[in-house]
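The structure appears right after this line, and notes come after that.
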């Protein structure tokens, strides 16, 4: 019975919680914002270019430099490069909410980075991971279903049932929060052996450095206005682990590649309390900010 739970039920629950988290995040954004709201920040061409360069050039370069400084076994190094090549995580919405930053801008950045990930990953990975064969279709399919489709459905429903859409937003926010904590708990429990096995290889240390420096890169290179730079920092450091895990399982038979992707994703969860800290500090300072779901 215990074996059935740990091998079948809990992994299914983890997968389901990840999907619920992604769908509720993007549906919530679609119900609250218009296409014009999300497109407006993307009119800043220089900001868009800098965001793309940061996420798909500088962040992968950062991973390569860290691997030179702290060499890892080849499968672990490949796992880190996969993570570094994947942007546009749905968790960015929650991080922006916690930090009391502009959720609409976070959603715009997610859409931009999702498109970049679908294009860039099949191009980047064969250059940095020997033998990698990555299908853009395999990457795009789960992202389209769990992220783009709920966003589009939200855009469609918002003008048709505006009052219901308004009431659905806080409900979805609650669902999002529950799914997040289920996801964290199950990720830690189901991957505890992988985390313990990797201790002593330097992989956890490299993962912490990668997440921290990627945040700084996103913040300092931000080409948008200063208020958006915190979101850009989270966008660079919180990678798209759904896309990374798809690639790790699709393109590689070596299980340690997937283990590294999972370990980095667990380390990246440190961004959640960090975002909460930033939000509390902002509230104490009484600084003005764009509320997560401003009235319109």
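Using N, Cα and C of the backbone, Cβ positions are placed for all residues, glycine too.
Here the structure is a predicted model, which means the values were calculated and not measured.
Lifted from TrEMBL, the feature list:
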| type | residues | note |
| --- | --- | --- |
| TRANSMEM | 12-35 | transmembrane segment |
| TRANSMEM | 47-70 | transmembrane segment |
| TRANSMEM | 76-93 | transmembrane segment |
| TRANSMEM | 105-128 | transmembrane segment |
| TRANSMEM | 134-157 | transmembrane segment |
| TRANSMEM | 169-190 | transmembrane segment |
| TRANSMEM | 202-220 | transmembrane segment |
| TRANSMEM | 232-252 | transmembrane segment |
| TRANSMEM | 258-278 | transmembrane segment |
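Proximity of the transmembrane segment (202-220) to the transmembrane segment (76-93) is established through 3 or more Cβ-Cβ distances under 8 Å for residue pairs spaced 6 or more apart.
Residues 19, 22-32, 34-35, 88, 90, 107, 110-111, 114, 117-119, 121-122, 125-126, 164-165, 240, 242-243, 246-247, 250-251 of the same chain lie 6+ residues outside the transmembrane segment (134-157) yet bring a C-beta within less than 8 angstroms of a C-beta in it. If one looks beyond the transmembrane segment (12-35) by at least 6 residues along the same chain, the residues whose Cβ comes under 8 Å of a Cβ in the stretch are 90-91, 93-94, 103-104, 107, 110, 146-148, 150-158, 165-166, 168-169, 172-173, 175-176, 179-180, 182-183, 186-187, 190, 242, 293. Long-range contacts of the transmembrane segment (76-93) within the same chain, counting only residues at least 6 positions beyond its ends with a Cβ under 8 Å from a Cβ of the stretch, are 21-22, 25-26, 28-29, 55-56, 59-60, 62-64, 66-67, 103, 106-107, 109-117, 120-121, 124-125, 128-129, 132, 143, 146-147, 176, 180, 198, 201, 203, 206-207, 210, 231, 234-236, 238-244, 247-248, 252, 254, 256-261, 263-265, 271-272.
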